[in-house]
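One structure below.
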Amino acid sequence: MSGPIVIFDSGIGGLSIFDEIKKVLPDQGYCYLFDNARLPYGELEESVLIKGCVDLICEQVKRIDAVLVVVACNSASTLVLPGLRARLSIPIVGVVPAIKPAAQISKTRHIGLLATHGTIKRSYTRELIKEFAGDCKVDLFGSSELVMLAEAKLAGEKLDLIKLESQLKPIQHSDLDTLVLGCTHFPIIADEIQQVLGAGVKLLDSGKAIAQRVSYLLENIEDKLDNSAGELMAIYTTEEITPGLATRLAEKGFTTIASRSSANLD
């Protein structure tokens with residue numbers, strides 16, 4: 001029998017993907033695995049990121065007999081999917097920046113991508129733009145500071161609007177009409193981003209599309225639920241997390257919240 005879905009990210013950004021998946025699969029079991037010891041991923045060397053992510057995810061999949069993996073991190077998805085698929089026989093779902101739908105809905109043919117520096121510089125991102133937004137002007141905006149602002153918000157801290165406005169200033173000076181949130185952390189602060197940029201800029205992310213893909217894949221997996229169905233566990237890679245973050249995870253229904261080093265999940 002198979003166990004829960006593993007949703008993986010460097011930090012709490014993947015919770016935006018978890019929320020969308022849980023809406024369509026409310027009774028499924030989930031393991032939210034976040035590598036906060038190495039946050040933010042957008043600043044890591046590619047070789048370090050690949051090996052660390054693949055080893056960590058494979059270890060957790062085998063430990064809990066997971067049925068499917070969602071790599072809920074744009075920076076990681078651009079690099080680690082081949083390595084995971086080579087080692088695991090279960091479905092692996094990555095997150096792709098919503099370039100295609102942004103190009104489809106833009107009225108001015110001018111869109112933007114807001115992501116980590118790692119995602120911005122990858123050739124995979126350029127190929128997406130070339131394939132799906134070749135007739136658009138595409139502005140690229142890199143920020144790791146926004147990742148940390150989202151982390152702080154979900155941990156219960158007050159969002160630093162001055163820092164947020166500073167990070168978004170280049171976008172304010174652009175005349176784009178559609179902005180892709182190309183990091184799963186960014187939907188967590190989407191309301192604040194919208195407030196700064198104004199109603200004239202449409203924000204897009206990949207959450208709903210990922211949820212639909214996961215639902216489709218699970219329909220083709222027999223015995224996808226077992227006695228652990230509905231159980232929610234959150235595993236992190238630091239020794240501890242802040243009380244504020246632990247509270248937020250509990251509010252989302254996670255009953256097991258533990259460090260990877262101390263979690264006894266066998």
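Here the Cβ of each residue, glycine as well, is placed from N, Cα and C on the backbone.
Taken verbatim from Swiss-Prot:
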| type | residues | note |
| --- | --- | --- |
| ACT_SITE | Cys73 | active site, proton donor/acceptor |
| ACT_SITE | Cys183 | active site, proton donor/acceptor |
| BINDING | Asp9, Ser10, Tyr41, Gly42, Asn74, Ser75, Thr184, His185 | substrate binding site |
Specify all same-chain residues, apart from the site residues Asp9, Ser10, Tyr41, Gly42, Asn74, Ser75, Thr184, His185, whose Cβ lies within 8 angstroms of the center of the Cβ atoms of the substrate site, ordered by sequence.
Gly11, Gly13, Gly14, Pro40, Cys73, Ala76, Thr116, Thr119, Val147, Cys183
At the Cα level, what's the spacing in Å between Ser10 (substrate binding site) and Cys73 (active site, proton donor/acceptor), rounded?
7
Express the distance between the Cα positions of Gly42 (substrate binding site) and Cys183 (active site, proton donor/acceptor) as a whole number of Å.
10
Who sits close to Ser75 (substrate binding site): which same-chain residues at least 6 apart have their Cβ under 8 Å from its Cβ?
Ser10, Pro40, Tyr41, Gly42, Leu44, Leu49, Ala115, Thr116, Gly118, Thr119, Cys183
State which of the following binding-site residues has the fewest other Cβ atoms within 10 Å around its Cβ: Ser10, Asn74, Thr184.
Ser10
Can you count the other CB atoms that lie within 10 A of the CB of Cys73 (active site, proton donor/acceptor)?
33
Could you measure between Asp9 (substrate binding site) and Cys73 (active site, proton donor/acceptor) for me? Cα positions, answer in whole angstrom.
5
So, in DSSP terms, is Tyr41 (substrate binding site) helix, strand, or coil?
helix
Asp9, Tyr41, Gly42, Cys183, His185: which of these recorded positions has the sparsest Cβ neighbourhood within 10 Å?
Gly42
Distance from Cys73 (active site, proton donor/acceptor) back to Thr184 (substrate binding site), taken between C-alpha atoms, in Å:
6
For Ser75 (substrate binding site), what is the secondary structure state per DSSP, taken as helix, strand or coil?
helix
Hey, how far is His185 (substrate binding site) from Cys73 (active site, proton donor/acceptor), Cα to Cα, in Å?
8
